[in-house]
Amino acid sequence: MAARKGRRRTCETGEPMEAESGDTSSEGPAQVYLPGRGPPLREGEELVMDEEAYVLYHRAQTGAPCLSFDIVRDHLGDNRTELPLTLYLCAGTQAESAQSNRLMMLRMHNLHGTKPPPSEGSDEEEEEEDEEDEEERKPQLELAMVPHYGGINRVRVSWLGEEPVAGVWSEKGQVEVFALRRLLQVVEEPQALAAFLRDEQAQMKPIFSFAGHMGEGFALDWSPRVTGRLLTGDCQKNIHLWTPTDGGSWHVDQRPFVGHTRSVEDLQWSPTENTVFASCSADASIRIWDIRAAPSKACMLTTATAHDGDVNVISWSRREPFLLSGGDDGALKIWDLRQFKSGSPVATFKQHVAPVTSVEWHPQDSGVFAASGADHQITQWDLAVERDPEAGDVEADPGLADLPQQLLFVHQGETELKELHWHPQCPGLLVSTALSGFTIFRTISV
């Protein structure tokens, strides 16, 4: 959430804010700033963050940027809202050289909420207390890493019983599985972390590796219903099924699922059926598959032109029979799987003005989702929202008429956004990765 820094001050959600000071009559009424649409910033103006729009906001840097990450479910409990928060991320870097890459475990803790501005009547003693409080409120980051040859395109984490593992797509064309238990242990204790980085990290190797894709890829998803079952898709249009075997290994079916004609961009297992999954592709299609059929005949449903161009990302709702997709056309589309044969989405939203890079349904609220785009925006949406005809916002600023009613919030300030995830155990908490680093935030809207 940002506002113009200058004589006018507006917030990104389209709610005009009072001018800070000065005579604005010569400028006419305040205008809402719509990211990617204007009005353009004038000389001397810049966007500044409106901290009152955030319950919590933190940023983190890891050196080389991360193209992908996943949130690691922990044993700290569900529905955590009490601050400060603790969370764990597994991420992979995109470094300048292949040998400089790392698979990382991040422990972020002491994450406090945004601090209210000081009152006008605060005295010197209160200011000293605030300084002490500020020191205690500093966020903390522990980072354990292991060498990885090649940039990491995608990371997805799953628990195999009590064992956390990460599936890792490498730009070198391999898909690897890494055990994460040791990394989770050492980020809890500074001395253990120092010993690990000194003596152990170079020896950590994947517990399984598959090089049968004949090229790199990005699509990867663990089944939420069948422990250890994995799908991987590559830029050569092939999708392979991984089946866990006794002894902690996998059998990878060498027969690819046949249907797409270009790169497979994303994969999502059904949250309700063990054998069904969805895929999207640079061929503009979305397909629904059933692994009980032979790979050459497993495609059951197809929407051939789901977007005008590449379909980059999909997310299958855990609570409703809805599939969410985002494409190079900047559109977000909702597909009712009960009507998928019709080939038409039940809703289309066009807020992003560049390719959509990530989408995800809220894990607890069935109508809420988030998306990120190459236009440096993260948007939050709620399908249940309808504009109040008596509110008068549109009359106050006609620019609001173009905003979708379901748009809750627009977050900016990141550069080259790549991926976002809701925290499954901390309601409303979003984490994103971009060239500018990680951002952890919760807005007043969700």
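Using the three backbone atoms N, Cα and C, a Cβ is placed for every residue, glycine included.
When Ser270, Ser344 are compared in Swiss-Prot, the phosphoserine annotation sits on Ser344. Checked against Swiss-Prot, the residues Thr10, Thr24 yield a single entry marked phosphothreonine: Thr10. Of all the Cβ atoms in the protein chains shown, 13 others lie within 10 Å of the Cβ of Ser344 (phosphoserine).
Mapped onto DSSP classes, the repeat 'WD 2' (163-204) shows 19 helix, 13 strand, 10 coil. A coil conformation is recorded for Ser344 (phosphoserine) in the three-state DSSP classification, outside any helix or strand. Mean pLDDT for the repeat 'WD 4' (251-297) in the predicted structure: 98.
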